[in-house]
């Protein structure tokens with residue numbers, strides 16, 4: 001099918017007015033030569049992610065960051081970036097299961113010096129990330145039914161009533177309308193890395209959360225939800241903001257003893273990023289199941305992050321009416337499983353009872369995040385590898401296959417909870 005043949009009522013913008021981007025050609029050649037993502041197309045000027053070597057001691061990293069803080073404080077407060085902004089004098093420091101990094105704003109001279117430090121593994125330019133939802137339509141195929149049946153069905157959603165009890169799903173997105181009736185008090189706000197408005201201004205995150213654990217629309221109807229807001233009202237944010245969110249999840253899981261009882265849903269995407277992919281890998285080491293959207297460009301998912309993160313479960317989209325890969329869905333060996341992503345009905349944000357219909361791999365992803373939570377409770381699974389293996393097993397056992405899965409796609413299976421016929 002051709003995705004854009006659907007009636008388009010709402011289209012998510014690809015960049016926020018609060019994020020100024022530049023092409024790589026606007027960067028000086030010497031600076032470009034030291035960036036690990038020099039081919040990125042949505043670069044945020046003068047903002048960088050610095051990732052440290054594994055063999056650098058914590059003391060060395062701390063000493064290095066202290067020296068950077070001192071240098072930033074000495075920098076003129078009027079120092080401006082390529083886009084005219086006054087550059088920040090602060091840094092953000094990350095430590096996730098042995099993975100250490102920092103984010104900062106710097107001019108060319110400073111970042112070139114940092115890249116040459118022995119403690120530093122690599123430097124990335126920060127880039128824009130955005131939602132992976134594309135359109136709204138008026139008619140809604142029942143994606144939940146597809147997740148619980150071996151064939152296209154209208155026999156309702158079949159599930160065990162444990163439905164994800166005791167599992168927490170972190171929605172890394174635009175936030176959640178936590179007061180919505182679908183969540184019945186099970187949704188809370190965790191952190192906001194993008195602005196100071198602690199609610200869902202866009203609607204994307206609430207819709208995703210509804211598919212994960214809504215009372216009507218959710219796969220895991222008893223799971224708890226935590227909003228990790230990394231995208232703004234226009235559905236856009238940055239890789240460093242995304243890493244901020246993942247760092248919060250790691251710390252929250254550890255503090256609240258949720259290792260083996262936590263899932264992350266990331267229905268977002270951006271340029272290929274070693275930093276984001278390695279942060280995902282580090283989070284997985286803490287027993288967190290990470291589920292990501294494959295993306296909506298109809299290209300190989302290996303070209304973007306976090307879709308290409310090897311430790312994540314990457315989800316492509318199908319039309320649940322005929323099990324055909326959605327025309328917009330990315331594909332390839334990075335895709336682990338498919339789920340309904342066309343005309344998915346879930347939570348809206350105009351009121352506490354609002355409903356909205358969206359399409360995209362963003363909508364497929366939470367079906368699988370919900371399925372992960374469901375299986376973790378039902379079968380006592382706690383290890384990320386065990387969860388991803390079980391999801392793939394159930395997909396294979398159903399016998400259903402994706403039509404036209406796309407070049408290089410190895411796992412043309414459809415997510416299934418094993419409960420229906």
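Placed from the backbone N, Cα and C atoms, the Cβ positions cover glycine too.
So that you can see what the record holds, here are the features copied from TrEMBL:
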ACT_SITE  173  active site, charge relay system
ACT_SITE  204  active site, charge relay system
ACT_SITE  362  active site, charge relay system
DOMAIN    164-381  domain 'Peptidase S8/S53'
SIGNAL    1-15  signal peptide
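Residue 173 (active site, charge relay system) sits 10 Å from residue 362 (active site, charge relay system), counting Cα to Cα. The most densely surrounded of the active-site residues 204, 362, judged by C-beta neighbours within 10 angstroms, is 362.
Of all Cβ atoms in the shown protein chains, 32 besides its own fall within 10 Å of the Cβ of residue 173 (active site, charge relay system). In this structure, residue 173 (active site, charge relay system) is part of a beta strand by DSSP. According to DSSP, residue 362 (active site, charge relay system) sits within a helical segment. Straight-line distance linking the Cα atoms of residue 204 (active site, charge relay system) and residue 362 (active site, charge relay system), rounded to a whole number, equals 8 Å. Annotation note: residue 204 (active site, charge relay system) sits in a helical segment as assigned by DSSP.
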